[in-house]
Amino acid sequence: MNQSFILFINLFIYIFSFIIVLKSNYKGKNFALLIFSLFLVSSLCSLLYYRTSLYYALTEAGSNDMSLFALLFLFLNVVVFFRPILSYAVDKQVTVPDHKILYYLGVFLGIVSILPFVENIVHILGFNSARFADVYYEKMDANFDSKSHLSSIGKICNGIVSWFQYITPSLFFYMLASKRKVIFIFLTLIAFLNPVSLGLIVGGRGELFQMIFILVLNYLLFRQYFTKKQDKVLKLVGLFFCVFAGSILFFITIARADGNSDLVYEQIYRYLGEGFINFGEKGWYITNHTHGYSIANGTGQTFMKDISDYFDARDYPRLGSITGMRMYVYYTVFGDYFIDFGLIGGILFNVILALLFYLSVKGKEAHFSSLILFNLYAKIGFIGIYCYAYMYKIEFLFFSLLVVFVLRKFENADETRYIKVNEIKPVYAIK
């Protein structure tokens with residue numbers, strides 16, 4: 001079968017599925033469409049990227065023919081992943097612990113974030129286009145330190161905020177929805193943006209890419225708690241943020257293409273679509289699997305690396321020697337599952353994650369802890385066209401789950417606080 005035709009079939013499957021979800025009555029279809037649109041765009045870009053000059057320049061030697069079965073495997077996992085999202089709906093008042101723990105946490109993280117955030121921004125302002133390109137390749141060096149520009153105190157503060165980086169998006173929108181003072185909302189926003197600014201320093205587009213979709217996701221989760229005036233302002237501010245972030249993404253892409261306009265478009269196609277191609281031509285054909293070491297790895301800079309090898313930094317040479325292929329390119333998140341656990345194991349792992357998420361939030365969709373869980377699960381989809389979202393940061397994921405567990409204990413208490421729809425202040429109520 002013609003290789004390009006296989007990618008066309010793949011694109012048709014995603015277009016057809018998108019239309020089905022669009023016309024459905026699922027409660028969570030807006031969330032699903034937001035994430036699914038990325039897979040749709042990725043399937044299109046994979047077709048546009050295939051057989052370009054950049055494709056020929058970067059394709060791994062010894063690659064096989066594109067496998068339709070590989071792409072069908074990915075789609076099957078996409079269906080499994082989206083099933084619990086389609087049934088998710090926040091149609092009740094959001095409940096939060098009946099004390100100011102979230103408020104104090106947001107303010108604390110915001111204050112702690114100020115120094116590293118300012119140091120990050122000052123460092124970024126000294127970059128030119130060439131520097132954005134150079135730093136991307138410098139980070140491949142094992143001795144590269146993305147935090148070398150931070151002061152001693154800045155490094156400590158950045159380390160504290162890093163543990164909460166998967167909590168701050170929900171925390172920021174909670175502050176907005178509960179009508180807190182502007183200064184406190186702004187502080188929480190800084191805590192949310194700090195990891196993004198650090199990601200820019202290494203020339204990475206991923207943090208910005210995630211930020212855009214995470215902002216939209218949380219807006220959809222909390223929009224019922226904003227007045228029409230607030231909603232209008234949020235849309236304008238959000239649009240500005242997305243356009244600004246998109247411009248930076250394009251700027252970094254141009255820098256890596258060294259100003260070559262044709263190469264810029266090919267870089268975009270590659271960035272968004274190479275996951276399907278890499279897995280279909282190479283990942284699908286491996287015979288030795290990595291048993292969790294591909295997706296489960298940490299920063300290698302926390303105490304948890306001494307607990308297990310799974311928390312240590314990703315060992316690219318070791319993984320490459322096992323699989324016999326490059327492990328520093330994208331294979332999609334479900335391709336990563338396959339690389340780690342094989343055909344049946346990859347599907348089973350995905351089913352287990354989907355089932356755990358569904359059971360954890362069932363009947364509690366409006367709990368604040370569930371909103372955090374939804375963010376954690378949705379993030380897998382947002383980064384899914386590239387790789388597993390928590391690759392390199394598995395310890396921060398576990399810490400976030402611990403925070404969710406603690407919040408659940410408070411939410412299950414007799415007295416609960418609700419964020420009321422379109423009210424000036426949150427009110428307290430007894431269950």
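Keep in mind that glycine also has a Cβ here, set from the backbone N, Cα and C atoms.
Automatic prediction, not curation, is the source of TrEMBL annotations.
Pulled from TrEMBL, these are the features on record:
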TRANSMEM  6-24  transmembrane segment
TRANSMEM  31-50  transmembrane segment
TRANSMEM  70-89  transmembrane segment
TRANSMEM  101-118  transmembrane segment
TRANSMEM  182-202  transmembrane segment
TRANSMEM  208-226  transmembrane segment
TRANSMEM  233-255  transmembrane segment
TRANSMEM  337-359  transmembrane segment
TRANSMEM  366-386  transmembrane segment
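Counting residues 6+ beyond its ends, the transmembrane segment (101-118) has Cβ neighbours under 8 Å at 150-151, 153-155, 157-158, 160-161, 164, 167-168, 171-172, 174-175, 178, 180, 184, 186-191, 193-194, 197-198, 368, 410 in the same chain. With a threshold of 8 Å between CB atoms, the same-chain residues lying at least 6 positions outside the transmembrane segment (208-226) that come near it are 30-31, 34-35, 38, 90, 94, 169-170, 172-174, 176-177, 193, 196, 199-200, 234, 238, 241-242, 245-246, 248-249, 371, 374-375, 378-379, 382-383, 419-422.
With a cut-off of 8 Å between Cβ atoms, the residues of this chain six or more beyond the transmembrane segment (182-202) that come close are 103, 106-107, 109-114, 116-117, 120-121, 123-124, 135-136, 139, 144, 146-147, 149, 158, 161-162, 164-165, 168-169, 171-172, 175-176, 208, 211, 248. Sequence-distant contacts of the transmembrane segment (6-24), counting only residues of its own chain at least 6 positions beyond either end whose CB sits under 8 Å from a CB of the stretch, comprise 32-33, 36-37, 39-40, 43-44, 46-47, 50, 66-68, 71, 75, 79, 82, 86, 276-277, 280.
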